[in-house]
Amino acid sequence: MDLDALAGCLSSSACLVTQTTSGLIIGMLLFLVAVGLTLIFGVLKVVNFSHGAFYMFGAYFAMTAYQFTGSFALAMLAGAAGTAVLGLIFERVFMSRVYGADVLMQLLVCYAFVLIFDDVVRLIWGPEFKSMGMPSAFQVMPLFIAGGVVPPYYLLLIGVALSAAIVLGIGLSRSRIGKVIRAAAQNPGMVSALGINTGLIYGGVFALGGMLAGLAGALAAPVRSLTPGMGFSVLIESFIVTVIGGMGSILGALIGALLLGLIRSYGSLGFPLFTEGLMYLFMVIVLVSKPTGLFGKEAA
Amino acid sequence: MTRTRTPGISRRSTLALMGAGAMSVAAPWVARAQAKTIKIGMPTILSGRVAQLGTSSRNAVMLEVEKVNAAGGLAGRQIEMVIRDSKGQPQEAARVARELVNTDGCELLLDGEASSGSFAVHEVARDLGVLCIHTCSEASSLTADPKQHIPNAFRCVRQGIHDSIVGGSYAAAIAKTKGLKKWATCSPDYAYGRDTTGEFTLYLKRFAPDVEIISESWPKLFQPDYTEVVTKILQAKPQALYSCLWGGDLTSYIDQANIYAMFSQMEVFAVNMADYTALTVVKNLPKGIHSGNRYIKTFPTTPENAAWGDAYKAKYNEYPTNWSWQNATAVMFLAEAAKKANSADGKKIAETLKGLTIKCPFGADGTVTMRGDDHTLVGYAIGWGTTIPQEPYVPEVKVGDWKTIFELEAEWKKSKGYT
């Protein structure tokens, strides 16, 4: 425990800028993965334990596209679009068969695919770790804001994730398709009776969730080493975010992810050997005081 | 008088049955002893973030085993390697090691585990009494701590304390020249990371007493994101940083630290940098990182070392790693010990290994020795230098002196209560 370091940081504008930005970066990446997880749960009522694999595929797709094209924009597109297609196929071929099944069955199927997807990555890209490398446009000196250090790439990362959050929030609350998705989440039978293809909606939501996780993987690829199984630790943290925010709540995922990011960032100063523990402790505190999560709805 | 036979099983039949039973129970051992081939088990990490190192260990072993088999095998018995993935998990490493001996009939073990798993395999070797050569774990206590010692285990690996003595004195000289007084550390939070960092700072301070450690970071092994660690170090504003992160963790860390321009703000001493596994993977390798030699084919600067590196590359289309040379050396030791003992029996090989010196491309003077009293490797080429982003990656290496290493190591062992 180093409370002096934490207190020193809180009284320094430079430290506040650096650590807050650091927390936002961690939080925003987590949000992109967690929001897909929470969206799929909210609409499909499936705990998609294989969700981390889409993050992994997004990173590998982006790296491959970048190697072939040298274009960072195409790499991001490949990461997001590739995982969207993968998500759609996965949902239609496999997951659609376990809707309504026992949650244990769903978890087992998903876990089987976690292992299968890891092996697929190993077969295609090999078992050794890879690095995509930072695109030359971002190989620049970091910005110094109020004495704090902020890398330009991380500003892009925060911007993209925040844009995704806004588009998703507005899309689901204001657009017609958003209303249909929310209706399908509440009463799929009624939506189906109105002549709307719920299978298409489910597939679309799964693809959207996969796409967001893939985008997170693609954004992480320039700064994280790529390896089969890399989705697992992200998945665990995303689950924590989802549980803290409330299963099915997009706003909850955003707030939960940001809180977790800030806990990690400031926790590393004040509680360097208990940073991981702080996350779990926070989750326990939230669940004890509000079992449905910060923005979760009580069961009817 | 006529002896009547009582109903049931006769004494002769009973003896025959007992004999057959004993034979069937003993059959695997008899068959094993008479087998032409000798199975050597190897748990190593073939998946996950350090799979490249595990794969390079397997490659190096196979490269050397082919040579040994071509020359007649281990005391006339062809070697058959049985290599299993431990996934880098200690409990899995122990399970695999036990299974290799008990189920697969392996008579020897090459333990291709990082320190996180090697201590678990060590306990299996203690329990089963099988000859085990650790080929990857650098945590000093594995062989330096007498409590860990067992007669049937050896370590054919560079050792943290050796690296730290050479690295500490190298870093101290630079610290004095450049006035680097405020240092930070960032190392993985497990036995190797803790041990090695403690040992490095011990010798850094010994040779440069003005040095002060102002920040310590202990990210967990295989942590995906180091952002909070990087920013924490930047907040501390050290003049120099020491890290013993390795493999994918090190490359992730460098990628993330790079965009904070960390390498332009402080001198960085990353002991595991000068290994092809990191040098060739990092896309934007910063110039001027100080590193201990791991495996580079230009150090030691001998034709034998370069030829071995090239032979490996020719076979596997990539350069070897630090784990490669250590595993290759273990097979060289096995071959030489079996030859001297004229036996492939584990106990006899273990006896011969004690104090054995062999010719080796990775030796400081062309030879390496398996030190008898603590069963650890000494005499390998060791040094530190600075990186450049293209081959030869570390153009100049300041060579470590084994006389000094031995003196300071003995002192360190005494201070730890090991002798």
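Keep in mind that glycine also has a Cβ here, set from the backbone N, Cα and C atoms.
Just so you know, TrEMBL annotations never went through curation; they're auto-generated.
What you are looking at is a predicted structure, and each value in this text was computed from that prediction instead of being measured.
What TrEMBL annotates here:
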TRANSMEM  A:24-44  transmembrane segment
TRANSMEM  A:49-66  transmembrane segment
TRANSMEM  A:72-91  transmembrane segment
TRANSMEM  A:103-125  transmembrane segment
TRANSMEM  A:153-173  transmembrane segment
TRANSMEM  A:194-219  transmembrane segment
TRANSMEM  A:239-262  transmembrane segment
TRANSMEM  A:269-288  transmembrane segment
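Relative to the transmembrane segment (A:24-44), the listed stretch A:239-262 leads the set A:72-91, A:103-125, A:153-173, A:239-262, A:269-288 in CB pairs under 8 A. With a cut-off of 8 Å between Cβ atoms, the residues of this chain six or more beyond the transmembrane segment (A:72-91) that come close are 50, 54, 57-59, 61-66, 113, 132, 135, 137-138, 160, 202-204, 206-215, 217-219, 221-222.
Count of Cβ pairs under 8 Å against the transmembrane segment (A:103-125): among A:49-66, A:153-173, A:194-219, the largest is for A:49-66.
Here the listed stretches are A:49-66, A:153-173, A:239-262, A:269-288, and the one with the most C-beta pairs under 8 angstroms to the transmembrane segment (A:194-219) is A:49-66.
Remote same-chain partners of the transmembrane segment (A:269-288), defined as residues 6 or more beyond its termini with a Cβ less than 8 Å from a stretch Cβ, comprise 1-3, 5-6, 9, 19, 237, 240, 243-244, 259-260, 263, 294.
Here the transmembrane segment (A:239-262) has Cβ contacts under 8 Å with residues 20, 22-28, 30-31, 34-35, 37-39, 41-42, 165, 168-169, 172, 185, 279-280, 282-283, 286-287, 292-297 of the same chain, all six or more residues outside its ends.
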